[in-house]
Amino acid sequence: MKSFAILAALICVVCSFPEEENDDKDGLLYAGDMMLTPLQRMVIETGGDLSRVRGDLTARAAMKNINVLWLPNDKTVPYTIDDSLVDEPEATLGMMKAFREWEERSCLKFKRRDQEEDYINFFKEGGCWSYVGRQGGAQNISLGDGCWDIGTVVHEIGHAMGFGHEQNRPDRDQYIKVHWQNVPERKRHNFQKYNDSKVDSLNSTYDYKSFMQYSKTAFGINDSLTLDPLQKDIFQLGQRVGFTKDDQYQAMELYRCNGKTTRPTPTYERYIPKGDDVCDFENGLCHYTQDDTDDFDWSRRYGGTPSGNTGPEADHTTSRMGVFVYIEASSPRRLGDKARLMTKVFPASKDQQCLSFFLHMFSTNKTMMGQFNVYLVDDNGQQRILQKTGSQAVNDWTNVQMKFRPFGNYQIVFEGVRGTSYQGDISLDDITFTKNQCPRNEAKKAPSKATGDGTCKDTKDREARYCQQWKDAGYCQSQQKYMSRFCQKNMQFMLDGEYGKVNLLKITD
């Protein structure tokens, strides 16, 4: 993630992010989603130094140009929400989540505008874009259709706070190879590197996972590879969940937070799978292999899945930036396509075996979800020992435990079958095999407890005004964790902590 010196100075379309896909026919946007002022654009096009645009600034003075940082009013960012967005529950939810993410990772505060002169106006136009830094007066952030996930809103706010894209860093070529032949001529300016005099990296290392990093296929011809990480174990670029540790470091440094955040930064307890054979996918596929006879593969992923309204918000192991595997239901996948993930061949055993794993199989449109099957392959042939069809009831990870007795050497196959549409992602995490008894999986500890008297947790919080809107949109089910924390009256019950209890499905032989 980069701070402009203006402040101081598996390849598929669904693997990209909304702001990369803006249809900028008029050429008004820079690097995909940054709306520049006429002066900023002139400086860039003539190869000038953005650090000179406002004020007599010296190179790498990002911490000194108070004119374009949101430092006044105790680092408070006033905002308004335009009528074009205020009745869109998905948009209001994304904005409220994004405000909290920034407040939990920095010392900035977001409040509804009263009479402040400088403020951000969120409105609905085509695509996702933002001005860079505090412009003075009202400045827009556009959140069009498809731009309402928390990570996308966090990204666009990042530009307004003064941050550029990770892939434009001066030292980019030490970490990323740009395949220029796959980038249309008219879009190549989007990968122009910033000069050291124009940008301050705030002494941070290159962050492949940053929410300001674009995907591997950004601006690619027919979604071809454009950004190729030189570090070979990097399987994904960027995410739209929220701050990484490096993102938070830069925000804290730029805004002089002195180690303090507006709200406490949540801590996420790491889940430790228990068993004789364990895989959490953090360091690869373990001993699992893809079936060469199927239609497509299971993929590793951190953050959420690319498609909206399906897939987990994060992995089960860490609930933040950990890794899981999933099937991506978007094009070119078709109804009935299968992805099969196979274990190694286990030696014969007389003992009863327990298979335990965490499954996420949710879609807001239940008819779009496909099927999930588990097969036992042993001396008796292949037999299906589990079948689940359609969306599960709650948008959360479910612990599935199965006991079985194999005959001879055996293998387990996890099969995901594509449903009727792209909103049918199926995800797996934390797979374990144990002899005899299944492990006891305790509920994760929540970052904070849901408290209150049956009303919204704090009627002064921003969320309260939207609780009824979100309930009417069905978010008590699809956003249960968030609603139980901030909209308890509308949920009509209180969960035991933000994460609730582990959902458990036991299947015995």
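From the backbone N, Cα and C atoms, a Cβ is placed for every residue, glycine too.
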Students should find that the region 'Disordered' stretch in TrEMBL, chosen from 179-198, 259-278, 439-458, is 439-458
For HIS155 (Zn(2+) binding site), the number of neighbouring Cβ atoms whose distance to its own Cβ is within 10 Å equals 30
Counting other C-beta atoms within 10 angstroms, the emptiest spot among the binding-site residues HIS159, HIS165 is HIS159
Per DSSP (helix/strand/coil reduction), HIS159 (Zn(2+) binding site) sits in helix
Expressed in Å to no decimal places, the gap between the Cα atoms of GLU156 (active site) and HIS165 (Zn(2+) binding site) is 11
Around the recorded Zn(2+) site (HIS155, HIS159, HIS165), other residues with Cβ within 8 Å of the Cβ centre, ordered by sequence, are GLU19, ALA31, ASP33, MET34, SER130, GLU156, GLY158, PHE163, GLY164, PHE211, MET212
